[in-house]
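*Asks:* Before I ask anything, here is the structure I am working with.
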Amino acid sequence: MSFGHKHILGIEQLSADDITLILDTAESFKEVSTREIKKVPTLRGKTIINIFFEASTRTRASFEIAGKRLSADTMNISASTSAVVKGETLEDTAKNLEAMHPDIIVMRHGHSGAPHYLAERCGFSVVNAGDGAHEHPSQALLDLMTIREKKGTIEGLVVAIVGDIAHSRVARSNIYALKKMGATVRLAGPGTLLPTEIERMGAEVTTDMNTALDGADVVMMLRIQQERQGKALLPSNREYSRFYGLNPENLKLAKADALVMHPGPMNRGVEISSAVADGAQNVILDQVENGVAVRMALLYLVSGGEQLAEQSA
Amino acid sequence: MKILIKGGRLIDPANSIDDQLDVLIENGCVAAVGTNLDSDNAQVLDATNRLVVPGLIDVHVHLREPGYEYKEDIQSGTRAAVAGGFTSVACMPNTDPVNDNKTVTSYICQKAAEVGLATVFPVGAITKGLKGESLSEMGQLREAGCVAVTDDGRPVDDGEIMRRAMEYARSFDLPVISHAEDLAIVGGGVMNDGFVATELGLKGIPWVAEDAMVARDVMLAEFTGARLHVAHVSTRGAVEIIRAAQKRGVAVTAEVTPHHFTLTEEAVRGYDTNAKMNPPLRSADDVAAIRQGLADGTIGVIATDHAPHHRDEKNVEFNIAMNGIVGLETALPLTLRLVEEGVLSLSEAIARLTCGPAQALNLSRGSLTVGSIADVTVIDPECAWKLEAEELLSKSKNTPFDGWSLKGKATNTLVRGKIVYNSDEV
């Protein structure tokens, strides 16, 4: 099958077949990263610009490495060096980028919808690397890849997502992705961090973490975004950790072979105890490893996928 | 100078008239209303197949002058008004400088008179500088021409200030217009709090932010005996609170905008900044309640909240876009849709745009009673047209209705007996 998307703006736009194709493609790319010469000529001559309006280490590095392993010319622009601090609008930034004829823009932005703004107005492909509290599609896809690798399938699994759902683009993308692949999704968090009518996205919702953990195949912990908590969302880290932190004891409520996931960076001792973060069930570094493969697949597929393979053959 | 409007269907809800009648205008006033009127030396305006109604009144308009003329000014704003069929507009005080003193009020009145299109009724600020701290000189504002007071754009946060404002405004028989939102509950919200906001990852403004403040202001009006007008009602709860207060005899009127009775929060999908306004577009349930409120008369006024913004203020990320849309040229056809959809009778729809607003702000307008000022709008109710935002007469083009197929248009607008708009001449 072929991949019909010019942009990756969110999981919402993708079908289950699209997701399977991305995961299959990622698996075939994963091996590249273990070679001695970690490079294939697939995107030679293509220009990819990673523009990050929000701080990020792992996602930016992951996209940059993914581009380089496909032989694309990649460059990074971060908010501190961009013209935004000089008052430039997103429209002018977009126009300037377009004038340099990039093939793909990978963008992270603090405002929900910013990549959609770019995709509507520009000729290049846009890959969303996280927009506000909206979506973070590559993260959800690498989570799916990791689950599929470890469990063989996604269909029929029970996945608990615990923490700050309200501010989490990871949660939204994962809800879409897991539901499309046939998993049951449970959300847990305090009332202040559960957004209005989130259950309408098709997930079970509870304020009791233990209910969510009960019999789960996968436990996905979200980072408490300290910078977004304001004055009234949480009383203290101590209280949060008491009721919504994952520790060896409550992890026992999940299935014995349950996977523990975290999109990083972790607040050890707050949403996750070090014993769990470093424990046998965690697949956190597998997630990071798979991130490169998934991003290679995304860059490859939005570039025209099979067509490229034919041309280089 | 005489004008005879002949052959139209005259709808004058204030006088319970809906009939085939001619109108004779002399010296800026309605001289006669009747069948087969004749006048030797009158200019005849053929209104066959047209509606002839009292000039439409919009009690909620931002003309942006003084201070923000790059968005709109009194000339461009009143030009858009008369093209939309409005003969009178009440302009909000959030200009720069703020209309919190008689000098600004006088400037607005004088400028509007020089332009000579729609009649402009300035609305003064409740508090100096819209800061919510100390009362404006309402007596002098009234003397200079203000017809009401409001801090529109912002609520009066402090309950004591609002209480005193109502007590004081009452002394000058000035209605107090409430921009009802509890800012603390609004938080950093940018659209309605609900499923769409959750999916889009945008911060929500919950209905309770509006309901809580409407409840406070209605109770303060009940306590003080002031006349309260609630601006741009958008929630089911607000409609219910106002309905209950009216039943108790509280002097409270309310307005709704065409966008709040036409669109829901779904319009925000795609992050369209032309769907960003304050209060935000609400849920389908809220829209149904607002329509019910219009139908049963709880909401007696349709007002546009015409809020022009420059392209650069809208062509940005949703979070940082300015609130509001232009409305003067789309209000009439959107209101007529309510008639087609069976929400209002034609006469009720005209009432919400004429005598309803006149009554809310005590304006000596809104009827075609013999002897009254001859503000008249002639409407072709069957005229089908497509809205092209670029063709709007307002300086700003921010509308979510771009490309919509609309029906109904003002063909002639008369202010004080003078034709100030003729669609054939545009």
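Note: Cβ is positioned from N, Cα and C throughout, glycine not excepted.
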*Asks:* Out of A:ARG108, A:ARG186, A:ARG238, which does TrEMBL tie to the same carbamoyl phosphate site as A:ARG58, A:THR59, A:HIS136, A:GLN139, A:GLY264, A:PRO265?
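*Replies:* Candidate in the recorded carbamoyl phosphate site: A:ARG108.
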*Asks:* Using a Cβ cut-off under 8 Å and a sequence separation of 6 or more, which residues in the same chain sit near A:PRO265 (carbamoyl phosphate binding site)?
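*Replies:* Once residues fewer than 6 apart are set aside, A:PRO265 (carbamoyl phosphate binding site) is near A:THR57, A:ARG58, A:ARG223.
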*Asks:* Looking only at the domain 'Aspartate/ornithine carbamoyltransferase carbamoyl-P binding' (A:6-149), what are its DSSP counts of helix, strand and coil residues?
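*Replies:* So the counts come to 69 helix, 27 strand, 48 coil.
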*Asks:* Which of the binding-site residues listed here (A:THR59, A:HIS136, A:GLN139, A:GLY264) have a Cα atom within 10 Å of the Cα of A:ARG169 (L-aspartate binding site)?
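*Replies:* Within 10 Å Cα-Cα: A:HIS136, A:GLN139.
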*Asks:* Looking at the binding-site residues A:ARG58, A:HIS136, which one has the fewest other Cβ atoms within 10 Å of its own Cβ?
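*Replies:* Counting other Cβ atoms within 10 Å of each of the binding-site residues A:ARG58, A:HIS136, the minimum falls on A:ARG58.
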*Asks:* Inside 8 A of the center formed by the CB atoms of A:ARG58, A:THR59, A:ARG108, A:HIS136, A:GLN139, A:GLY264, A:PRO265, which other residues of the chain have their CB, for the recorded carbamoyl phosphate site?
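*Replies:* In sequence order, the nearby non-listed residues are A:SER56, A:SER62, A:ALA129, A:GLY130, A:VAL170, A:PRO263.
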*Asks:* Of the residues named as carbamoyl phosphate binders, A:ARG58, A:THR59, A:ARG108, A:HIS136, A:GLN139, A:GLY264, A:PRO265, how far apart in Å are the Cα atoms of the most distant pair?
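*Replies:* The widest Cα-Cα gap among those binding residues is 16 Å.
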*Asks:* Going by DSSP, is A:GLY264 (carbamoyl phosphate binding site) sitting in a helix, a strand, or coil?
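*Replies:* Note: A:GLY264 (carbamoyl phosphate binding site) is coil by DSSP, not helix or strand.
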*Asks:* Validating a neighbour-count step here. Other CB atoms within 10 A of the CB of A:THR59 (carbamoyl phosphate binding site): how many?
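*Replies:* I count 23 other Cβ atoms within 10 Å of it.
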*Asks:* Fewest other Cβ atoms within 10 Å: which of the binding-site residues A:ARG108, A:GLN139, A:ARG169, A:ARG223, A:GLY264 wins that one? Let me know.
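*Replies:* Across A:ARG108, A:GLN139, A:ARG169, A:ARG223, A:GLY264, these binding-site residues, the one with fewest Cβ atoms within 10 Å is A:GLY264.
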